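As given in TrEMBL:
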BINDING   99-106, 181-185, 245-248  GTP binding site
DOMAIN    266-279  domain 'SRP54-type proteins GTP-binding'
Amino acid sequence: MGFFEKFKKGLQKTRETFFGKIKSILKGKKLDEETKEEIEELLILSDVGYEATEYILERIEKADGDDAYEALKKVLIDILRGNNDLIISDLPFVISMVGVNGSGKTTTAGKLASYFSKNGKSVVLAACDTFRAAAIDQLKVWGDKTNATIIAHQEGADSAAIAFDAVNHAISKKKDVVILDTAGRLHTKKNLMEELRKINRVIKKKIENAPHEVLLVIDAVTGQNGLQQAKVFKEFVDITGIVLTKLDGTAKGGIAIAIAKELGIPIKFVGLGEGIDDLKPFDAEDFVNALLEGE
Ligand SMILES: Nc1nc2c(ncn2[C@@H]2O[C@H](COP(=O)(O)OP(=O)(O)OP(=O)(O)O)[C@@H](O)[C@H]2O)c(=O)[nH]1
């Protein structure tokens, strides 16, 4: 299945419930009071959020053309587009996965390992979430599936030491990509943020520019709550990209637009299912087309 087909399938609920209705309301028309209210409601219900919704409507009004639908499409693409590609600039390239428990971090680390392997890269997966024994086992299963090397210590071990080992291993064995699966929960928020910073400090001793990417994993199903969590992480950690997971499980996929607009951080990948191939590099145009016109 091509990327666009994947987007279409993954966004089916959001399209059928909300976005798919927009074309018949706006195509070939100007935005008037009545259509404006209809669109506003659809956007808000799909978790686009108040701020982004008002911005979108304002932009359509300013566009002042005869086709409000095309104007809307353009605004959505503008909001979502920018720095969406993950470019491997240095070797070994270190990616840190952060986010709350259950957001899909470990699964996404595994899917990313598969994605890079398929693109001819050798991968090291580091089980830095030592808060939960199951997370370590889960990552080991992904290691088997993807041919990635797993670096893990026992439950409760120092996560920065594991990250350090993983980076060392990658340097000495000339591996291409290191993916750090960090903890999503510790006893306090302060502990968690301290731990993430410590991991960064420690790996910088080996590779100055690492981590090259810090990907914040957000569960789309949690909608506006996920956005609030993201704001907390953003305060403490330099996030370089978002992975929005479980888009297939929600009708409120409009959260992608709220995230891009309010956080100003590019979406780099989206999770469109539980399977190993269900993680896709983000493409704003394909995403918007799949959102608005699936059929
Ligand atoms: N439908 C769907 N399910 C997903 C997607 N991504 C992850 N999941 C599921 O979400 C659940 C939680 O994923 P995990 O990877 O365990 O989440 P986590 O953030 O690592 O959580 P902890 O390991 O508890 O820290 C699993 O059942 C995954 O299969 C997605 O894109 N679509």
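The backbone N, Cα and C atoms fix where each Cβ goes, and this holds for glycine too.
All annotation found in TrEMBL is predicted automatically rather than curated by experts.
Each of the binding-site residues GLY99, GLY102 was scored by the number of other CB atoms within 10 A of its CB, and the lowest score belongs to GLY102. Each residue in the domain 'SRP54-type proteins GTP-binding' (266-279) gets a DSSP state, and the totals come to 0 helix, 6 strand, 8 coil. Checking the binding-site residues GLY102, LYS105, THR182, ARG185 against ligand 1, the ones with a C-beta less than 6 Å from an atom of that molecule are GLY102, LYS105. Spatially close to LEU247 (GTP binding site) yet at least six residues away along the chain are GLY10, LEU11, THR14, ALA220, GLY253, ALA256, VAL270, GLY271, LEU272, judged by Cβ distances under 8 angstroms. The Cβ neighbour count for ARG185 (GTP binding site), using a 10 Å radius and every protein chain shown, is 14.
When other Cβ atoms within 10 Å of the Cβ of LYS105 (GTP binding site) are tallied across all protein chains shown, the result is 26.
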